[in-house]
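Straight from Swiss-Prot, the features:
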ACT_SITE  Cys177  active site, cysteine persulfide intermediate
DOMAIN    123-217  domain 'Rhodanese'
Amino acid sequence: MDYRVLLYYKYVTIDDPETFAAEHLEFCKENNLKGRILVSTEGINGTLSGTKEDTDQYIAHMRADERFKDITFKIDEAEGHAFKKMHVRPRHEIVALDLENDIDPRETTGKYLSPSEFREALEDDDTIVIDARNDYEFDLGHFRGAVRPNITRFRDLPDWIKENKEVFMDKKIVTYCTGGIRCEKFSGFLLKEGFEDVAQLEGGIATYGKDPETKGELWDGKMYVFDERISVDVNQVEKTVIGKEWFDGTPCERYINCSNPECNKQILVSEENEHRYLGACCKECAEHERNRYVAKHNISDEEKEKCLENFKETVQQ
């Protein structure tokens with residue numbers, strides 16, 4: 001595998017995000033890289049793919065900048081590019097929590113736990129482990145015993161915490177996310193909310209899965225990633241499938257977007273059921289005039305009607 005995927009972030013002052021983003025995009029394109037990078041006055045958050053040579057060049061370029069000299073890159077081997085295009089965009093935040101009073105992780109954040117320390121926390125009955133990711137990420141894979149917030153966007157997490165504050169307030173809290181960036185702010189938010197004992201998995205799931213001591217133990221399922229790979233393995237010791245097929249509840253790790261472009265809900269679906277239900281999450285979406293699955297596969301009106309009949313056998317109507 002000659003390609004690699006880089007995942008990284010750094011909370012650091014960038015005075016002119018717009019100019020930085022434009023110049024950075026040019027550099028990335030010149031070096032054949034593809035991916036998504038967000039830049040703001042609070043720092044940089046990126047994931048990109050390229051050949052080993054091109055990603056080495058990128059790492060060297062970043063570390064030559066005093067602001068990013070100690071940045072940590074999480075590196076995965078890949079068969080090819082994990083993205084179709086290269087985007088570098090200026091944003092208000094590099095991870096959107098949308099708080100009235102923003103959190104600066106350089107000033108307020110939870111205690112950092114190494115992978116081995118985090119594993120101890122997972123096995124501690126007195127510790128509450130909260131997944132800081134979205135529900136569809138959790139449903140594909142998570143740490144054993146972790147709490148699943150009922151959210152589809154990171155910015156909804158503070159409200160969920162406030163609604164459940166009494167359940168967690170006097171507990172030891174440990175949180176985790178994909179690469180660590182969300183927990184930097186989320187753990188800081190918890191401290192601002194009055195939680196006293198707050199810690200986070202340093203480097204996130206991506207680091208835990210590659211740790212030679214923990215080897216990804218106590219992780220079930222796969223880790224959702226925001227690129228064309230969709231998911232990657234974490235647990236090097238044992239393989240478990242915890243995802244459940246949207247229609248029949250059987251074990252499944254295959255995510256698709258609902259074929260209704262106005263819905264786009266992410267659902268776990270087998271190839272057989274994707275065809276059986278026209279790539280949709282419900283009958284209403286299957287009937288949509290701009291159903292992408294119908295258009296892509298040139299489904300006839302007669303075949304479409306047969307597929308719509310299948311919804312009579314399911315609760316997803």
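A Cβ is built for glycine as well, from the same backbone N, Cα and C atoms used for every other residue.
For the domain 'Rhodanese' (123-217), the DSSP counts in helix, strand and coil order read 39 helix, 18 strand, 38 coil. Averaged over the domain 'Rhodanese' (123-217), the predicted model has a pLDDT of 96.
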